[in-house]
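Here the structure comes first, spelled out in structure tokens, and everything after it is commentary.
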């Protein structure tokens, strides 16, 4: 190995150590790097080197640094074992076993390519977020970074629309001889934008009117991106926010406003008042072909389980997703995160994943405003997972959900121990020049 190669490796190692230290000392800055990584050209797909058994991308390295930082933070402040943490640990264990088995059968590169985005990135960042302090200040900082990333994604969508129109589920474009999606952003990017809008609605530092005005453009972009599952996820999150808002005795003005906006858009689309854009929205809303096509493929993928052990722990990464749909061979991912988990981690992994959500949501109910905001994002995730797989940023939501649940459990007094009594406010005080009683 020549000196220049050694120098490059040394510089790369120092850079990774520096980024890991950044994640340990400044989580907000580290999360900002993660959320903006998708804006960097090739950060998710272009490999940095071809000499390793697994091609690593920029996002891979950021997640690895975050996981290393999580280990450091856990060594400094160990967490008490809880069922929700055991569920997360079981999912991580099953993912590791599936990868090792897949690497032995199909090669590390093939197994790693399937594992990286929807599993390593998601649960690696979940582990990191669990170690963060679940304070209102921390969530406000993360929310601010989330909103900035969402507005950057929205500007990219506006630029796309200025060139190609808003598109629809039934329209495809030709670019450089290849057929590409006509919608400006992918479903995970649209979900990030919808989640940013909900975080703004749940914010408590500024006046609600200003935050609502900031959230409204993001909700509009979410609608125009035409991902119907994201529409449903956004409806779940916004509906939950409205219930919480009205439950605190507030006026029903937000509910009336959202209802009027929804009815107005629906009527304008039905009457053709939105022109070509309205036609594209109507076509996307009424198109049922994609769902039926996916459902047929889901049933075909379940046929790949041949033994009881396959159902228990799943098939290893690298097995692929080959199935017959409408007489043709399909090899793309299943577009259902629950099924994806079942295929690669079995019933054990899927059950642990669902238990993780159930336990975290149950332990964290009735918490602070910030905890309720994270819970709303989690409910939206559960809807989104019906037809899409998670990406890296959703792991942060999972980890923050667990962190808030653990914090809520720490505040609950043990059984049989009465809560601490507040000190009476009318306790008499001794005057400055008085003589104390003996």
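The chain as shown is numbered from 1 upward.
Including glycine, each Cβ sits where the backbone N, Cα and C put it.
All TrEMBL annotations are machine predictions without curation.
Values in this document were obtained by computation on a predicted structure and should not be read as measured data.
TrEMBL annotations:
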TRANSMEM  52-72  transmembrane segment
TRANSMEM  84-106  transmembrane segment
TRANSMEM  118-136  transmembrane segment
TRANSMEM  210-225  transmembrane segment
TRANSMEM  231-247  transmembrane segment
TRANSMEM  254-274  transmembrane segment
TRANSMEM  337-361  transmembrane segment
TRANSMEM  382-406  transmembrane segment
REGION    413-438  region 'Disordered'
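Stretch with the largest number of CB pairs closer than 8 A to the transmembrane segment (382-406), among 52-72, 118-136, 231-247: 118-136. As a quick check, the transmembrane segment (337-361) and the transmembrane segment (84-106) clear the bar of 3 or more Cβ pairs under 8 A, pairs 6 or more apart, so the two touch. Panel annotation: around the transmembrane segment (210-225), residues 147, 150-151, 154, 157-158, 161, 166, 183-185, 189-190, 193-194, 196-198, 200-201, 203, 231, 234, 238, 254, 265, 277, 281 of the same chain, lying at least six beyond its termini, place a Cβ under 8 Å from a Cβ of the stretch.
A Cβ distance under 8 Å defines the sequence-distant neighbours of the transmembrane segment (118-136), meaning residues of its chain 6+ beyond its ends; these are 23, 27, 34, 59-60, 63-64, 66-67, 69-70, 73-74, 77, 79, 85, 88, 91-92, 95, 204, 317, 333, 337, 340, 344, 368-371, 389-400, 402-404, 406-407.
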